[in-house]
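Taking it in order: structure first as structure tokens, then the write-up.
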Amino acid sequence: MKISKLSSGRFLILGYLLVISVGTFFLLLPISTVEGEVTSFIDALFTATSATAVTGLITLNTMEHWTRFGQTVIMLLIQIGGFGFMTSTTLLFLIFGKRVSLRERLIIMEDLNYNKISGAISLSKYIIILTFTTEALGALLLFLYFKKIMPSARAVYFAVFHAISAFNNAGFDLFGNSLLDFVNIPYINIVITFLFIIGGIGFIVIDEVFSKGLKNLSLHSRLVLNTSLILIILGTFSFFFLEYTNPATIGNLSLKGKLLGSYFQGVTPRTAGFNTIPIERLRDVTLFIIILFMFIGASPGSTGGGVKTTTIVTLLIVIYNMSVGKEDIEAFGRRFRDKDIYKALTVVVISLLLITVVTIVLSSTEKFSFIQIIFEVFSAFGTVGLSTGITARLSNIGKLFIIFTMFVGRVGPVTLAVALGRREYKKIRYPAEDILIG
């Protein structure tokens with residue numbers, strides 16, 4: 001099949017596979033690994049996929065195993081994955097003065113989950129500017145703190161790496177234990193969460209906030225902002241009350257430490273992947289709550305994963321409207337389109353089917369508890385990166401299934417399903433008939 005005849009979904013999948021393949025190749029080079037260490041193909045592929053999918057699950061310690069060259073490769077993969085394949089391609093087009101064709105604009109729409117072809121290029125340019133500006137600001141703020149605890153040159157490198165990782169919701173770190181050492185440092189907590197909250201809200205929403213103001217936002221942006229705020233509050237208080245007396249997590253911290261730790265862990269499950277509290281020591285009920293947040297994920301058109309906030313809130317609104325007897329599904333004075341409701345339902349069902357299959361397989365191949373396995377699978381699908389500590393101990397089969405899950409989480413389950421399905425269908429509309437539901 002010619003590249004020019006590929007559907008936008010298939011083109012995107014091949015694009016991400018190409019990025020992962022190139023990343024794997026560079027990570028396998030001796031220059032990427034510190035002296036005395038060896039990188040297997042499966043670990044290089046796992047790392048490249050995790051970085052491109054902006055997940056953060058790792059089988060090798062990022063600081064101890066990889067050289068500066070290897071870490072830079074990971075950082076570039078994170079940046080490409082956060083941008084999206086087509087936005088990264090658009091950046092190259094702009095640099096070299098190449099015109100973006102109509103077909104390429106359609107693929108950009110698919111990659112960004114955007115529905116207006118006229119503004120696809122403008123949105124891509126906005127994403128590039130916003131990303132570099134926010135990352136630069138984040139790097140500067142992090143440097144101001146890091147220079148107090150390490151040499152200036154090292155502080156610059158750490159600041160840039162963690163700013164890129166945080167804004168793109170990747171969760172990769174150079175400290176070896178994520179951000180456990182900063183649980184009581186408000187400055188770091190605020191800067192890091194600011195970066196991944198901005199990255200997870202979605203570029204379209206941020207553009208609307210600045211161009212239209214809060215009073216004139218679209219239905220999409222209102223849903224995103226309200227849902228995100230509610231989830232941040234729910235996550236923070238859920239973690240605070242569930243772990244308040246757990247001495248292995250926040251139980252022995254001061255009230256300030258408890259609040260900071262709860263806030264950070266209440267926000268990070270929706271795709272960020274950093275943690276200031278040891279995940280493996282959380283109570284099972286807290287792990288379950290985090291699983292729910294990881295499944296929801298960030299918002300459409302953002303650097304995060306999951307089924308997305310608007311998907312879940314759309315289905316909740318459908319349930320509410322049906323329970324009160326409304327025929328039209330509506331919110332904020334606007335009516336939902338049927339196709340959006342169908343898509344939301346499709347995303348959730350396909351996602352749960354994938355997660356179920358992978359969980360069953362890993363339960364058969366791995367010797368870990370069920371909660372550890374299902375937590376890992378949800379983390380991979382939501383491109384979150386949180387783990388109870390089993391990632392490096394997975395079998396090669398287990399790693400391959402997690403790699404596949406991270407990839408699907410990045411490109412989107414519907415995009416993958418449509419790309420693999422047949423494009424031809426008969427345009428026949430059959431008579432409607434009632435069936436019994438529930």
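Cβ atoms are placed via backbone N, Cα and C, with glycine included.
Since we're looking at a predicted model, the values are computed, not measured.
Under the heading transmembrane segment, TrEMBL lists 12-32, 38-60, 72-96, 126-146, 155-175, 187-211, 223-242, 287-320, 341-362, 368-388, 400-421.
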Tell me if the transmembrane segment (12-32) touches the transmembrane segment (368-388). I count contact as 3 or more CB pairs below 8 A, with pairs 6 or more residues apart.
no
Verify whether three or more Cβ pairs under 8 angstroms connect the transmembrane segment (38-60) with the transmembrane segment (126-146), leaving out any pair fewer than 6 apart in sequence.
no
Let me check one thing: do the transmembrane segment (155-175) and the transmembrane segment (341-362) come into contact, meaning three or more Cβ pairs under 8 Å with sequence separation of at least 6?
no
With pairs fewer than 6 apart in sequence excluded, do the transmembrane segment (341-362) and the transmembrane segment (187-211) have three or more C-beta pairs that lie under 8 Å?
no
So what's near the transmembrane segment (400-421) in sequence-distant terms, Cβ-Cβ under 8 Å and 6+ beyond its ends?
7, 9-10, 12-13, 16, 20, 42, 45-46, 49-50, 52-55, 57, 81, 110, 113, 305-306, 343, 346-347, 350-351, 354-355, 358, 361-362, 376-377, 380-383, 391, 394
Could you pull out which residues elsewhere in the chain have a CB under 8 Å from any CB of the transmembrane segment (287-320), counting only those six or more residues past its ends?
53-55, 82, 112-114, 167-169, 196, 199-205, 220, 223-224, 227-228, 231, 235, 238-239, 242, 265, 269-272, 279, 329-331, 336, 340-341, 343-345, 347-348, 351, 355, 371, 374-375, 378-379, 381-384, 386, 388, 409-410
Quick test of the contact rule: Cβ under 8 Å, at least six residues beyond the ends. What residues does that give for the transmembrane segment (38-60)?
16, 19-21, 23-24, 27-28, 32, 66, 74, 77-78, 80-82, 165, 168-172, 271, 273-274, 303-305, 376, 379-380, 383-387, 391-392, 394, 396, 399-400, 402-403, 406-407, 409-410
